[in-house]
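These notes are about the structure you will find just below.
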């Protein structure tokens, strides 16, 4: 039951955003520190779900992990910057798009990897590693790429990322090791709790920015679509030849390329929202990360369905 609820994440997100646009108070009560605490809760449960083995996989399959992380922190940030320039986005929206593009992979990518029958273990490992690296890379990339757009408090971004990502993840890891029985009981609730909190965060930001979104909605949605299509597309196209070069079996290379595509294409939009809200004066900066969450979930779900259809037809032809 809990697993089925989590797998319907894109549906809950669309419904919540629609309700928030129609009646903002339904979700705008979830605001301020509640959003920061909510993201911390997601990261805590992520830490609970991690095992030492997840980090050992970096040494067991270093090539796909390193390729995925490299693409995560090159393709997405520079795509965000280029799209903002190409579309001539206002400074606040450009800042929001670049900020979310510099965030690590999100936990929703693990759900989509499961739906797509991709390599879930690889997805979890890349999410964990990219999340840890985000403490330094998200503030650094954001400040460098936005240098000529808006003033960026890089030190503040670093501090917030440490507080709402690393500390909760480490707390979850520690709890899992010290209290394994309690951790085992809590772990099944992690995905549905994450779904509920992400939905609340995104719907709240959409409700708070409703007026701006109704005016700038089309360009924000277009920029998010272009960003995530770039991530999914380049994640697949650039990783596959590298994996084949390192002589991975064809089917393994295909599965891992799909996993990397999902991981690169899906961001931790909740972190983008929290950083935008805490470190940028203009509330419009939080809109691209909020819209991004909806867009990447829809594209990821669609991509999973396409890949499953392709695989099914291949099996039918073989039989």
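Glycine too: its Cβ is placed from the backbone N, Cα and C atoms.
Where the annotation comes from TrEMBL, it is an automatic prediction and has not been curated.
Database features (TrEMBL):
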type	residues	note
TRANSMEM	30-50	transmembrane segment
TRANSMEM	62-83	transmembrane segment
TRANSMEM	95-115	transmembrane segment
TRANSMEM	122-145	transmembrane segment
TRANSMEM	188-207	transmembrane segment
TRANSMEM	219-239	transmembrane segment
TRANSMEM	286-310	transmembrane segment
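With respect to Cβ pairs under 8 Å, the transmembrane segment (188-207) is most closely packed against 30-50, considering the stretches 30-50, 62-83, 219-239. The list of residues near the transmembrane segment (95-115) in space but at least 6 beyond its ends in sequence, with Cβ under 8 angstroms from a Cβ of it, reads 6-7, 9, 42, 46, 72-73, 76-77, 79-81, 83-84, 89, 122-124, 126-127, 130-131, 133-134, 137-138, 141-142, 145-146, 149-150, 152, 165, 191, 194, 198, 223-224, 227, 259, 262-272, 275-276, 280, 282, 284-289, 292-293, 296-297, 300-301, 303-304, 308. Outside the transmembrane segment (286-310), and at least 6 residues removed from its termini, the chain residues within Cβ reach (under 8 Å) are 9-10, 13-14, 17, 93, 96-97, 99-100, 103, 106, 108-109, 112, 115-118, 198, 201-202, 205-206, 208-209, 212-213, 216, 220-221, 223-225, 227-229, 231-232, 258, 261-262, 265-267, 269-270, 272-273, 276-277, 280.
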